[in-house]
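Before any comments, here is the structure.
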Amino acid sequence: MAGINQTKCDLGFQITFNTVYRFSQFYTFSVSSFAVPGLIYFMFKRLFQLYFHGNLKTLLIAYFISILLYAVMLCFAFGYQFFVPFFIKSNCDLIINKTLFKYIHTSVIFLLTTPMMFPLGFSIERFTAMAMASRYENIRTLIGPVLVIFLIIPNCIIFYFLFQHETYDDTFISFLMLPNTTAVNFNTYLWFLLYLNIGNLALNVLLLLVHRKFKRRLLLHKTSLSTRYAIEEISQSSKFTLIITFTHLLFFGCNTICSILVRVLGEPFFGSFINHSVARGVNCAVPTYNLVIVVVGFVSLSKLNSRRQQEVQTTVQLKTTGKEGARNYDNITANQWATITQIGF
């Protein structure tokens, strides 16, 4: 038994000090370390100050908080894996404690999958906003918080059934390596999330196309200024969620496909157990997304803001001539007198 353990320790040493593996650990730790302050800055500088409706804003805040928590957990997990080898006294010190692995591993992969649930919430909220465009801005913030709860609960239930009988008896040197008894079912769940988000992305594109036709139809009719403005707000916020959804799907899809390919191709393709284990331990796509999304968020919001101002000045404008101009003048005058009367009383 001791010989088997020592063999595993020696294998762990060879994997840990493999050049590709060491670089990937350092890369993921570094990217995550930059992503954490970047996400915090983005949330306080842009996200909390968004002009979007409270329902969508709640979903976006919950989404970015889950990404932030994932980045924090990656900092700990990959920081541990990168720095611990500098202080080991024997090869067996590289083997992660069973209890520590259990809690860190499940937390990391739970936070990997949780953000993938929120794009579905974006679509539901956006369709609701379009269907109730004329009065949506006056509706209280309710559907957003409800969706956050109902999107997280299924992930919790799935994880409970995935890991309820897991004993974690394997030997692990990485928090990202799945136990063999759970790997197949978890990979199936990843495929499900990937297909779900591909379908959701198509739904978002359809939403924008329908919204564009809906917007043109409204502009042809004599709609109120507030309705036109609300339609424009829905258009801009929907474009932002589409950008977020597409970017996340791109990186998550790359991560999922590569991870499953490594398992499917197996040890023969990589030439040895060491090389195969190194490939399983590399995790760069989603951690990179955690940093990239900060840049994407700032740039896309800046561009959408400028387009929004242009649209407001061109399509959502107050006419001052003709019969419509006279009605607008009467409405403004009446509102001013009503305000003065309320102040007087």
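Any Cβ shown, glycine's included, is placed from N, Cα and C.
As recorded in Swiss-Prot:
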- 1-22: topological domain 'Extracellular' (TOPO_DOM)
- Asn5: N-linked glycosylation site (CARBOHYD)
- 23-43: transmembrane segment (TRANSMEM)
- 44-58: topological domain 'Cytoplasmic' (TOPO_DOM)
- 59-79: transmembrane segment (TRANSMEM)
- 80-103: topological domain 'Extracellular' (TOPO_DOM)
- Asn97: N-linked glycosylation site (CARBOHYD)
- 104-124: transmembrane segment (TRANSMEM)
- 125-142: topological domain 'Cytoplasmic' (TOPO_DOM)
- 143-163: transmembrane segment (TRANSMEM)
- 164-189: topological domain 'Extracellular' (TOPO_DOM)
- Asn180: N-linked glycosylation site (CARBOHYD)
- 190-210: transmembrane segment (TRANSMEM)
- 211-241: topological domain 'Cytoplasmic' (TOPO_DOM)
- 242-262: transmembrane segment (TRANSMEM)
- 263-280: topological domain 'Extracellular' (TOPO_DOM)
- Asn275: N-linked glycosylation site (CARBOHYD)
- 281-301: transmembrane segment (TRANSMEM)
- 302-345: topological domain 'Cytoplasmic' (TOPO_DOM)
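Listed stretches 23-43, 59-79, 242-262 were compared with the transmembrane segment (281-301); the greatest number of C-beta pairs under 8 angstroms is found for 23-43.
Under the criterion of 3 or more C-beta pairs below 8 Å, with sequence separation of 6 or more, the transmembrane segment (242-262) and the transmembrane segment (104-124) qualify as touching.
Most Cβ pairs under 8 Å with the transmembrane segment (104-124) belong to 59-79, among the candidate stretches 23-43, 59-79, 143-163, 190-210. For the transmembrane segment (59-79), same-chain residues at least 6 beyond its ends with a Cβ under 8 Å from one of its own Cβ atoms are 25, 28-29, 32-33, 35-36, 39-40, 42-43, 47-48, 50, 52, 104, 107-108, 111-112, 114-115, 118, 121-122, 125, 144, 147-148, 175-176, 241, 244, 286-287, 290, 293. The DSSP secondary structure for Asn97 (N-linked glycosylation site) is coil. Look at the topological domain 'Extracellular' (164-189): DSSP puts its residues at 10 helix, 0 strand, 16 coil.
Cα of Asn180 (N-linked glycosylation site) to Cα of Asn275 (N-linked glycosylation site): a distance of 17 Å. Within 10 Å of its Cβ, the residue among the glycosylation sites Asn180, Asn275 with the fewest other Cβ atoms is Asn180. Each residue contributes its Cα atom, and for Asn97 (N-linked glycosylation site) and Asn275 (N-linked glycosylation site) those atoms are 23 Å apart.
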